[in-house]
Amino acid sequence: MGDLLSFLYTVVDTLSLIFFLDAFAQRRWDNWKFTLGIGCLVALNFWILQVPLVFFGRDPAVKIGMILLSYTLSARALYREISSGMLLLLVCIEYLMTYCLSFGLGMAGAFICGMDGASFRTSFPLMISYGVINYSAELFLAYTFRKLMRRRRSLRTPNKLTGVKSGLYFLFPGTSFVMLVLLLYMTTGKSASEMVIAAVCGLIFAANVAVLYLLERMEKTVENQERVLALEQQLQFQAKNMEAASQLYTAQRHKVHDFQAHLNTLQDLLQNQEYDAAEQYLNSVSKEQTDRSFLVNSHHAILDALFNTKATEAIQKGIDIDFELNDLSALPFDVSDMVVLFSNLLDNAIEACEKIEGDRVIRVSAVLKQSFLFSVRNTTLPVEIKNDTIQTTKPNASLHGFGLSNIKLILNKYHADFVMDYEDGWFQFTGEIEAQVRK
């Protein structure tokens, strides 16, 4: 019976950890693989609980250390887009909070029943009641926390802790662990009252709630900074597009002037019945216009201006670029978001093509049907894709990843699916956004 209860409690502890981490990190899988991973984590944790008893006796510090190691390694396997340091911090905080909740409720129960901790733990009916209350509260709090955090966030950026910030954030959990271990040794020696211990556990719990609040505020600050940078980049794109539109307008005026001159020349040749010369001149003018023009027409004025501008830039850099589009006039998304999205994708593709010798090719597809399916495919040097991020050794790696960060920010806003792939010298970014097309 004791082993069965211990296994059930391990299941609840593991589910609470999963709910807690869901609030901060992205699951590596959303299918049966993740469920299988949870099952392996439960089995590992249940086995680890038995190891200290066999090799180290009932030393609480050893037990805590082994559980934290198991939790951290398992969380690393189950979650992505979060640093190992941040994962360790979150695991420590979650374990502290659940342990303090359990320990505090146990001591409070012993105090209410007028018993010491040892006597309370030997009463089977009381321990069953305590287990139901404690683990129900643990699961409820973890699930509620996940719901609240998910409601408040639209996007979590990869979490990293470095340098002094790491020390500051680990100060609370580290101090709390020292206090907790001391409390465990004190209860073994029965040198403190149950209510005092319960109160101290409550303080530890509250202190780590404060750390969680600080973490949440830190993420919101980073998120707001990224939004500001995205807006600045958007303004830069709009300024570039206005300049490009002005240049196109000027070029169009020159074309109109040239066209009038061509008509006058053809008229003179025809009036003089110089038909062969007129035909040669017309062929020459037609070829010149074909070479000079690159027209993208999706019936979406702003995206057409953007695509034509990027196409002109690519052609000037010796890149073969091709567009496959349908009618995008009913595209229901924020125009500024689409400009930032495609500007970043095309800028990245052009930059990648510039670095290679040989064929420089970009293929762009954007099709609006029941959903908006788009892709940008380009030749490139070999790249490594890890956790939906392009690994780079460039000295300005943070700037290099900023464009991709903006792309993810927009796609997460619309709950879009996307995938990046590299194979045989070709990189492809494909995305799909569910669309309610405007009538």
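Cβ coordinates are placed from backbone N, Cα and C, and glycine is handled just like the others.
Here's what TrEMBL has on this protein:
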type	residues	note
TRANSMEM	6-24	transmembrane segment
TRANSMEM	36-55	transmembrane segment
TRANSMEM	61-79	transmembrane segment
TRANSMEM	86-112	transmembrane segment
TRANSMEM	124-145	transmembrane segment
TRANSMEM	166-186	transmembrane segment
TRANSMEM	192-215	transmembrane segment
DOMAIN	335-429	domain 'Sensor histidine kinase NatK-like C-terminal'
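Counting same-chain residues at least six beyond the ends of the transmembrane segment (6-24), those with a Cβ under 8 angstroms from any Cβ of the stretch are 38, 41-42, 45-46, 49, 71, 75, 78-79, 82, 86-87, 90-91, 94-95, 98, 131, 135, 138-139, 141-143, 145-146, 148-150, 156, 159, 215, 219.
For the domain 'Sensor histidine kinase NatK-like C-terminal' (335-429), the model's average pLDDT works out to 83.
Break the domain 'Sensor histidine kinase NatK-like C-terminal' (335-429) down by DSSP state and the numbers are 37 helix, 34 strand, 24 coil.
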